[in-house]
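Over in Swiss-Prot, the protein carries these features:
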BINDING   Asp19, His20, Gly21, Lys22, Ser23, Thr24, Asn135, Lys136, Ile137, Asp138  GTP binding site
DOMAIN    7-188  domain 'tr-type G'
Amino acid sequence: MKPYKIENIRNFSIIAHIDHGKSTIADRLLESTSTIEQREMREQLLDSMDLERERGITIKAHPVTMTYEYEGETYELNLIDTPGHVDFSYEVSRSLAACEGALLIVDAAQGVQAQSLANVYLALERDLEIIPVLNKIDLPAAQPEAIKKQIEEFIGLDTSNAIACSAKTGQGIPEILESIIRLVPPPKPSQETELKALIFDSHYDPYVGIMVYVRVISGEIKKGDRITFMSTKGSSFEVLGIGAFLPEATLIEGSLRAGQVGYFIANLKKVKDVKIGDTVTTVKHPAKEPLEGFKEIKPVVFAGIYPIDSSDFDTLKDALGRLQLNDSALTIEQESSHSLGFGFRCGFLGLLHLEIIFERISREFDLDIIATAPSVIYKVVLKNGKTLFIDNPTAYPDPALIEHMEEPWVHVNIITPQEYLSNIMSLCMDKRGICLKTDMLDQHRLVLSYELPLNEIVSDFNDKLKSVTKGYGSFDYRLGDYKPGAIIKLEILINDETVDAFSCLVHRDKAESKGRSICEKLVDVIPPQLFKIPIQAAINKKIIARETIRALAKNVTAKCYGGDITRKRKLWEKQKKGKKRMKEFGKVSIPNTAFVEVLKME
């Protein structure tokens, strides 16, 4: 690390929609500042997971410190990378809190998109210096002037200092570095001498335990200090080492001082001990007040995860435990189901978070799993005045005890070309949405603001939006309040027995169509038996939809050659009684494929 000068430090972040070139620009900045040698360079260097590279998204934020010579001075540039997806908006807000500036990357051909819009507003709330960067300027479809106008009119940013660049060719990269130094303010020197450091991320290392990523706001942190976390109060830990991101995490001598970004290790073993947004201070000279903005991360979407082969239960438990080491937002609780056996009820930040965890389980641990339909947290107000919060149909109380139910709603911004307006309005109406306002983004695109129930978003909203807009629509959402809703428990009965794995909480208006579609799907995937199998959807014991799997026909009179009809009648009568007995005592074996198909449909 170079000699410390707070006026030569620049802490900045990169804000971009998925696939607008954030990771590629980060690669070019690392190359231009010689932070990494050419022979060690690879694409999307800061995206360490294979999944991040394949999907072209940032899941886990990765900071890096670069040094750059400008006008005879050496500057320390700290890039605090952020995940772009709406599921991780709290992590984004904490990463932005560690910065004084941000690069807003916009695709010069596609223009402003919903998720970059959401993160820009977070940056504006924190009063960060935002530098607009128009990427992919080398594309034939690039319209830099039109996109600048869009940014000015819709976001309200001055684009006179906007930089046209191409991460692919390297054009404009030196200008970006110079703009960071000229426009992003250095950290403000603090009058306080007590240590205050903001935790913006953490990482589990099997050798040293939890590495806590911090931006020092005041004071300094060094090896040997005894520190504590201000939200948990009580526990204290000795700092065993401090480090910087060069670009890999590297232990350094000395201390991390006000304005600097780095990490420390303190023999921490559980990621739950380290909360993003918390304030670190010393035990000897503690800070009087913690930094603002800390809140506990709470899961929003829940689903049950079960191994297809019950003997894989311990492997699944181990897999989830390991994933949780680097993901404090993932919650795990053991549960059992009559149909699926032993498994886990898991909480996620959103649908992308859920998909990533599922994919990592099957990929990194080679496990075949079944996941139940995603659910949200419903609020149940009982007649005796008590309030319950439930995320699982099995926890649904007796309907006679319920006063009313409430469901979480979200504020949604949708950006779409004008020609798809009617399609989107139909989709949102089908999803019980309320239109708040419609704004023009430019000559061809609109921004629609809606309120929608979260339950409608977590099912298939993204897929349907992409479908009705031919892939051009994008959206982001933020949580709103709970509102009363006619939420009921839909049960599926197979041969008059309830199968808990197919039960779900739905809005009354959608119960019949949902029940019918599940019954129709089950008729296709459950093999016929020697007796008729009724498949029914029920609400509070009342059947609302029914399908029947016809019995396999067995010719019991095949051995009778002509002769008296009474002999045949006796055999048919005997078969009839046998089928009746089988229906009463026979068990319908539901293949795993049936669970997979129905839950995929949900």
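We number each residue from 1, going along the chain as drawn.
Even glycines carry a Cβ here, placed using N, Cα and C.
Annotation note: Asn135 (GTP binding site) sits in a strand segment as assigned by DSSP. The binding-site residues under consideration are Gly21, Ser23, Asn135, Ile137. Their Cβ neighbour counts within 10 Å are lowest for Ile137.
The DSSP secondary structure for Ser23 (GTP binding site) is helix.
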